[in-house]
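The feature transmembrane segment is assigned by TrEMBL to 21-40, 127-146, 167-189. Annotated domain 'Palmitoyltransferase DHHC' per TrEMBL: 95-203, in sequence order. Per TrEMBL, region 'Disordered' is recorded for 284-324.
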Amino acid sequence: DFIKSLATPSLRKHVCQLRNIFVCLVAYHIFFMLFVWSYWKTIFTLPMNPSKEFHLSYSDKESLEREPRGESQQEVLRRAAKDLPIYTRTMSGAIRYCDRCHLVKPDRCHHCSVCDKVNNCVGFSNYKFFLLFLAYSLLYCLFIAATDLQYFIKFWTNGLPDTQAKFHIMFLFFAAAMFSVSLSSLFGYHCWLVSKNKSTLEVFRAPIFRHRTDKNGFSLGFSKNLRQVFGDEKKYWLLPVFSSLGDGCSFPTCLVNQDPEQASTPGGLNATSKSENHLFPAKPLRDSQSHLLTDAPSWPETAAKADKGKVGMSNPALTMENET
């Protein structure tokens, strides 16, 4: 009789409901855990600072303070930037120098105000965490809105008991739906930025290189752009653990050739011939962290041919401009 009772429609219905509740609880806590984890990593990951190679020496600082603006300061900056992997310039064509930190700015490096959404500066060190935070917060809100939808419909069809809890259901659905709309637009925008290998500032002001301004100067193609942010090992892509490629100070680009006057690369190869094949800065600080910098097939040969014969990008006669 007990076994027969298990087969009754009412009991099967209750078992099915319990199973659905269990699945929803498991999914909810998974989304919530990933959401909190990625948010924690976003707000508590310290921004990366330029390495000591970009800081001016004590004598160079004194020279900049002592000499008037002009050729003398220009010489100081050329000497300081001679062996650095930098190719972008200011709008006036000057070496990007920060008088607040007394250093030559690495490519794509800026002072930034604290992000209002996460109370932290979003940059190379935590950009992956920020993307995952947007993704998991969007999934979290969508999950809440989807599971609350049936009760939201019952609210308008008078299918719920007349208690104060019915207003909580309405508020929860509206809040989750509105956050889903705003988060989907923000997450979609940053997905587009990743696919184009752009920062938010580079959308409004394209990076300026030695020969021209190019809004896609750092784009290596969708696959490599994605790998620069999320890394090579796909098992870490969905987890808030650091797996981005590179060092945050040097970035490969297919637009620029190395200056023949610059020193040879650390590997001892001829600088000019190496740049024609790979087209990346002469001395990336930690290029061993990113094989994107040494992946020859990733660089179009047309860019090398177009720039062949031109004066290189390092050490041009530039005036200094302070940026903050």
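Cβ coordinates come from backbone N, Cα and C, glycine included.
TrEMBL: automatically predicted annotations, no manual curation.
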Subject >> Reported mean pLDDT - the domain 'Palmitoyltransferase DHHC' (95-203) >> reply: 88
Original post:
Which residues of the same chain, at least 6 past either end of the transmembrane segment (127-146), have a Cβ under 8 Å from a Cβ in it?
Top reply: 27-28, 31-32, 34-35, 38-39, 41-42, 45, 118, 172-173, 176-177, 179-180, 183-184, 186-187, 190-191, 194, 229-230, 238-240, 242-244
Original post:
In the same chain, who gets a Cβ under 8 Å from the transmembrane segment (21-40) while lying at least 6 residues past its ends?
Top reply: 118, 129, 132-133, 135-137, 139-140, 143-144, 147, 238, 240
Original post:
In the domain 'Palmitoyltransferase DHHC' (95-203), how many residues does DSSP assign to helix, to strand and to coil?
Top reply: 66 helix, 8 strand, 35 coil
